[in-house]
Protein chains: 2
Amino acid sequence: MASGLRAVVGVGAVGGLLVVLLWSEQQASNRMPAQARGRGDTGEEDTGFRVVMERFEAPEINHNHSTNNNNNNNNNKLHRRHGNAIVSPRSSAVHAAAPPPPPPPPPQPSVLAAADADADAGHPESRKASQGPPRSSRTIIYVITPTYRRPEQVAELTRLSQTLMLVPDLHWLVVEDAVSPTRRVLSFLDSCSVPHTYLLGTASRRYKGANKPRGVSNRNAGLKWVKVHAKDGVIYFADDDNTYDYRIFDEIRMTRQVSMFPVGLVTRLGVSTPIVSSGKLVGFYDGWIAGRRFPVDMAGFAVNVQFYLKRNAPLMPYSVGFEEDGFLKALRIKPEEIEPLAENCTKILVWHTRTVKTQPAVKMPDTDKVTKTNLHHLKSQIVFPSGLS
Amino acid sequence: MASGLRAVVGVGAVGGLLVVLLWSEQQASNRMPAQARGRGDTGEEDTGFRVVMERFEAPEINHNHSTNNNNNNNNNKLHRRHGNAIVSPRSSAVHAAAPPPPPPPPPQPSVLAAADADADAGHPESRKASQGPPRSSRTIIYVITPTYRRPEQVAELTRLSQTLMLVPDLHWLVVEDAVSPTRRVLSFLDSCSVPHTYLLGTASRRYKGANKPRGVSNRNAGLKWVKVHAKDGVIYFADDDNTYDYRIFDEIRMTRQVSMFPVGLVTRLGVSTPIVSSGKLVGFYDGWIAGRRFPVDMAGFAVNVQFYLKRNAPLMPYSVGFEEDGFLKALRIKPEEIEPLAENCTKILVWHTRTVKTQPAVKMPDTDKVTKTNLHHLKSQIVFPSGLS
């Protein structure tokens, strides 16, 4: 057996199924497959696959964040556009979190409430609540979406927002890896009918190159926001280029601790999924095991907020390919506690689609032919190499 | 001026704007740019751009289709699943059109009505109507979507369907280039709440290779269906990988003859759009002119059904890169008659996104570990190289 695996323990306890299936004996690698991680063109892929059942032990806990709970707002540069917009379905709040580590805490609700003066005139109700998202009879899903500046950014966000529009009782945390908010994204959010909060999740400059961790600073900014603003609900990480059947969200909403479900188009296997027998998770089917205890895709699990807070609200590690694994380990979840969704993981309702990257556009000339026609207005909606103009 | 252009006529008549802007003098080429046509990796791109104002003369009319109106159903292999499901928002009809040319006509409504015996038990209303789609107080939009078998097919259709779910009074024509319907697509449509019809639009075997026309047989099968089943409404061609802000459809619905609007992420210019001055189309901004009278993207225009029928319902030519141009020329529309949408073409509400192509998956082994768990059920949802299994 490949030394990278910690497998085949506790088989009998989870249904008697032989839970380790070695498709090839190739050594699990620490390098993640390009297709598995959605980063397009780096990394190598295991050519075979392994189905691995882990013995879940109490892991090391990530204490990065849990000690910083009450000394908020010291390091934050706080941008506000619609102060208390968290409450309103048609407005946005802009928060900036400094790059970790150490992670600066997000703004407190009271700060948001104080920023209400210019907020959301069309929704007077929104100013009454100063404690985070709206209360609902149904569980709120906190969808954390990392994003970054690129030509197709607004298109991707538009498409995802239209899926989320079909899901009630959802709060969308759009977290941009940028030094300052991208004007086009704010403009998009201004007309977005999904209840949302805009956050800055600027990546640390210490990580560079093709193999740097991507989306971690964004996701952690979202997690910190949840820690401060939410007491219950469910957390889900939804990249803006993936595809989601809106029906998965009603299942995600039922998550009591940690739920998992299949993700299509991941690695050469075409799917990454827990293996389920008699309603219990008995292993994982994924094209890139690499010694991970939880070889799952970022879009393949959801976490209950109360459970998350009870486990001291860990953040995601800056470890390429091991973000999901590190985060899930820190939650100290046992295999028999994992809740399989999507009809016991028999349906693919989430896909790891990726969009072809386009180059920034050739600049429009500053002639009358551009400035005196509609082209002038379109100019602000196109990404050119040099910035916003 | 590049010889491929037929430009700079009638300038004074459309607002006094100098409507030809030569960014480079490079000869317009008949080879389409990869990015412009969405075909990924073939063709060359003009490095500059030209903004061209055409004098629109009465073009040659495409009579391919108009003479075949009444001798239907001779060449058709007709698959029926829910016979009259065109009327129902939750069912699908499967039609097969033989590959053109010559184009076999689509089935007549009476044939569809005759197939009603097993149709759509949950919607008894559906059997009463034998003439195409439901009547509505609002104009119906006929969205024609070409599709073909590939790993990401159902993901793409899922995502597009969720945009279309936000649009009332719409009928979705999903037209697959396949010899027989793909099981996974039919299964997807069975649970799709968008009113739709499934059609086969099998491409002729005479076209092969990387530079073959793509989507033409599909779109023409959709056009033929519209010709038989619709008397009014609006036609729009919507590829399944593009991104659509749902708000563009309410504008499309207002199309009286032919409307046009900007499409983002097309060619190195970042957008393909009519140039509009004082509410009138005065030229085109597109990275690939190539002597086209209408240098527009497939997703950048819509056609009124009554107008289409009055113009003898032309089909799309099998001419790579000139499908839009040939179709629009055949409609005999004058430039001053083009209706600019999206606030006089100042908003980008449609994007030419493309999805990274994934290879068919490595097969699952036929062992107990697969057959006795959820993996067995997932197997049918993954595209393997050899077919449906």
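Each residue's number is its place along the chain shown, starting with 1.
Even glycines carry a Cβ here, placed using N, Cα and C.
Whatever TrEMBL says is automated annotation, not expert-curated.
Annotated UDP-alpha-D-glucuronate binding in TrEMBL involves B:Pro146, B:Thr147, B:Tyr148, B:Arg214, B:Arg219, B:Asp239, B:Asp240, B:Asp241, B:His352, B:Thr353, B:Arg354 plus, out of the candidates B:Asp177, B:Asp325, the residue B:Asp177. Among the recorded positions B:Tyr148, B:Asn344, B:Thr353, the ones whose Cβ sits under 8 Å from a Cβ of chain A are, in sequence order, B:Asn344, B:Thr353. Cβ neighbours within 10 Å of B:Tyr148 (UDP-alpha-D-glucuronate binding site), excluding its own Cβ and spanning all shown chains: 17.
B:Asn344 (N-linked glycosylation site) sits 30 Å from B:Arg214 (UDP-alpha-D-glucuronate binding site), taking the C-alpha atoms as the reference points. Of the recorded positions B:Arg214, B:Asp241, B:Asn344, B:Asp241 has the largest number of other Cβ atoms within 10 Å of its own Cβ.
B:Asp241 (UDP-alpha-D-glucuronate binding site) sits 18 Å from B:Glu324 (active site, proton donor/acceptor), taking the CA atoms of both as reference points.
Note: the Cα of B:Arg214 (UDP-alpha-D-glucuronate binding site) and the Cα of B:Glu324 (active site, proton donor/acceptor) are spaced 12 Å from each other.
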